[in-house]
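*Asks:* Dropping a structure here in structure tokens format, bear with me for questions.
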Amino acid sequence: MAAARKLVELFYDVVSPYSWFGFEVLCRYQHVWNIDLRLRPAFLGGIIHATGNKAPGLLPKRGEYMLKDIERMGKYYQVPIKVSAEHLQRLLGKVPLSLGAMRFLTAIDMTQPQFLEPVSREFWIRFWSQVSILQNQIFVPLSVAAQAGLPSEQAQKLLEMVSSPAVKDRLRATTDDAMKYGVRCFSTI
């Protein structure tokens, strides 16, 4: 008799390289490990603010360690991450900058969940392997969605949804759910 499948919920923010490692490993091995993976876009900036933590990029010693750790883990998990001290400071020192991306992913989860995995992956690639999503913020979600195979008409509708109360409330509720589980920061795996 086969073992019952376990539900694994992954709360993540694309600004977190550690979330990317967990995401790739869980996506890669979900069938081997016999799990049902539920991706839950959450807002790291909200968690950091609610818990009184500081973004890792604002703590010099942690940032210094993270550079080495992220490079090492990228190789180990076979994730194409590229990071420099300046890049780490820019991204992790200003976590609220991922809010637009996380709202976009929430809109996808609400209406086009089959695209959640590939669009999330494309955001991580933009944040951590290519150019920063912070440039031309309005157009980047559309190019990320296109790269992941989401038709442009649907992507445009999703982009229009990001400022809706439904999307904002859903992202806030998911972030609250993460904190109910005890999530305090995404900086460790």
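Just so it is clear, glycine is given a Cβ too, placed from its N, Cα and C backbone atoms.
According to TrEMBL, the protein has these features:
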ACT_SITE  S16  active site, nucleophile
DOMAIN    8-184  domain 'DSBA-like thioredoxin'
*Asks:* Averaged across the domain 'DSBA-like thioredoxin' (8-184), what pLDDT does the model get? Just tell me the whole number, please.
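*Replies:* Mean pLDDT across the domain 'DSBA-like thioredoxin' (8-184) comes out at 87.
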*Asks:* Which number gives the other C-beta atoms within 10 angstroms of the C-beta of S16 (active site, nucleophile), all protein chains shown included?
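*Replies:* Excluding its own Cβ, the number within 10 Å is 25.
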